[in-house]
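Enquirer: One structure is given below, represented as structure tokens, and several questions about it will come after.
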Amino acid sequence: MLVKAPAKINLSLDVLHKRPDGFHEVEMVMTTVDLADRIELELMNDGKIHILSHDRFVPGDHRNLAYKAAALLRERYKIKQGVAITIHKQIPVAAGLAGGSSDAAATLRGLNQLWKLNIPLDELAALGAQIGSDVSFCVYGGTALATGRGEIIQELPVPPNCWVILAKPTIGVSTADVYQNLRIDKIKHPDTNAMVQAIKKQDYQAMCENLGNALESVTLKMHPEVAHIKEQMGRFGADAVLMSGSGPTVFGLVEYESKVNRVYNGLRGFCDQVFAVRLIGERNPLA
Ligand SMILES: C[C@@](CO)(OP(=O)(O)O)[C@H](O)COP(=O)(O)OP(=O)(O)OC[C@H]1O[C@@H](n2ccc(N)nc2=O)[C@H](O)[C@@H]1O
Ligand SMILES: Nc1ncnc2c1ncn2[C@@H]1O[C@H](COP(=O)(O)OP(=O)(O)O)[C@@H](O)[C@H]1O
């Protein structure tokens, strides 16, 4: 079975406070883009979970989030069968695009069918939260307001149609480091509600004006090259520019196709990993 695992971007990411459990209470508007890993699932009779990937940055063992997804289902539903999980990686690793979380979510969706478990989507999303904060959103995909530590999902309409240029500098960023370096009293809070309204009203201009990410200044301070990419993205004509998640990927929104090549080619000059994709914003097919 082949399952698509799309990347996400955060159109808005606010951090409200640090919780007693060490996580941060967040308010995020997330949406999927047309850049996806492909997860191939093959049932095995050896009772083991195998991870296969050609990408040297993808862990090939129990540390892989897709492995954790399969292990969780096997344990919870007393499954004896094994599975070989081949990850065809397209989403850059440790990029702020939730590649690993999306692989885990795709594995949950796929194995739910292959093992005929009939787990309802909401329950699958709750299981996903045990693997990572972004996995619940990735189980549904689409566009959502995510609260709590990111695992409480309220569906939003598909945002106005546009292109997304993604540019990832060569550095990888650890999400834990970024949250650790965040000064809650110094946060410039984005207007999450304005973003939600922009999407509901299908107002592209307002969506551009309300892009905001409370983690951006932290990562920018740690890695000044991210600020440079942001600047270049704006200079080459993106309508609005923001860092996704904890970074370091920068995305630019572009409404008109005629402008896409200019931004894409401009960025390729100083970034190896640049993608021009469509914003999807629609929920995943179940598997
Ligand atoms: C920042 C975001 C925005 O979408 O994404 P990425 O940049 O990772 O893609 C998410 O909040 C990341 O979600 P995810 O990557 O699943 O995080 P987890 O594995 O659950 O947590 C990694 C570490 O980040 C910190 N963490 C994460 C989520 C949260 N709400 N508060 C936190 O403080 C914790 O230190 C935790 O140990
Ligand atoms: N299937 C996977 N794909 C990519 N990274 C994975 C995967 N499973 C575990 N990881 C680990 O998770 C870390 C974060 O990866 P990723 O999900 O790509 O980034 P982010 O959380 O920034 O969106 C990586 O450093 C990697 O070691």
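Cβ atoms are placed via backbone N, Cα and C, with glycine included.
So TrEMBL lists these for the protein:
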ACT_SITE  Lys8  active site
DOMAIN    64-142  domain 'GHMP kinase N-terminal'
BINDING   Pro92, Val93, Ala94, Ala95, Gly96, Leu97, Ala98, Gly99, Gly100, Ser101, Ser102  ATP binding site
ACT_SITE  Asp134  active site
DOMAIN    195-271  domain 'GHMP kinase C-terminal'
Enquirer: Per DSSP, what is the residue tally for the domain 'GHMP kinase C-terminal' (195-271) in helix, strand and coil?
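Expert: Counting residues by DSSP class gives 43 helix, 11 strand, 23 coil.
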Enquirer: Near Ala98 (ATP binding site), which residues of its chain come within a Cβ-Cβ distance under 8 Å, counting only those 6 or more away in sequence?
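Expert: Result: Ala7, Lys8, Ile91, Asp134, Phe137, Cys138, Gly245.
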Enquirer: So which of Lys8, Gly96, Ala98, Ser102, Asp134, listed as recorded positions, have a Cβ under 6 Å from an atom of ligand 1?
Expert: Gly96, Ala98, Asp134
Enquirer: Given the recorded positions Lys8, Pro92, Ala94, Gly96, Gly100, Ser102, return the subset with CB under 6 A from an atom of ligand 2, ordered by sequence, or none if empty.
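Expert: With ligand 2 as the reference and 6 Å as the Cβ limit, the list reads Ala94, Gly96, Gly100.
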Enquirer: Within the domain 'GHMP kinase N-terminal' (64-142) only, compute the mean pLDDT.
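Expert: Summing pLDDT over the domain 'GHMP kinase N-terminal' (64-142) and dividing by its length gives 98.
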Enquirer: Would you count the other CB atoms within 10 A of the CB of Pro92 (ATP binding site), including those on all shown protein chains?
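Expert: I get 24 for this one.
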Enquirer: What three-state secondary structure does DSSP assign to Lys8 (active site)?
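Expert: Reduced to three states, the DSSP call for Lys8 (active site) is strand.
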Enquirer: Tell me, how many other CB atoms lie within 10 A of the CB of Lys8 (active site), whichever protein chain they belong to?
Expert: 29
Enquirer: So which other residues, same chain and not among Pro92, Val93, Ala94, Ala95, Gly96, Leu97, Ala98, Gly99, Gly100, Ser101, Ser102, have a Cβ within 8 Å of the centroid of the Cβ atoms at the ATP site?
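Expert: Near the ATP site, beyond Pro92, Val93, Ala94, Ala95, Gly96, Leu97, Ala98, Gly99, Gly100, Ser101, Ser102, sit Ala7, Ile91.
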Enquirer: Determine how many residues of the domain 'GHMP kinase N-terminal' (64-142) DSSP places in helix, in strand and in coil.
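Expert: Looking at the domain 'GHMP kinase N-terminal' (64-142) with DSSP, the answer is 43 helix, 8 strand, 28 coil.
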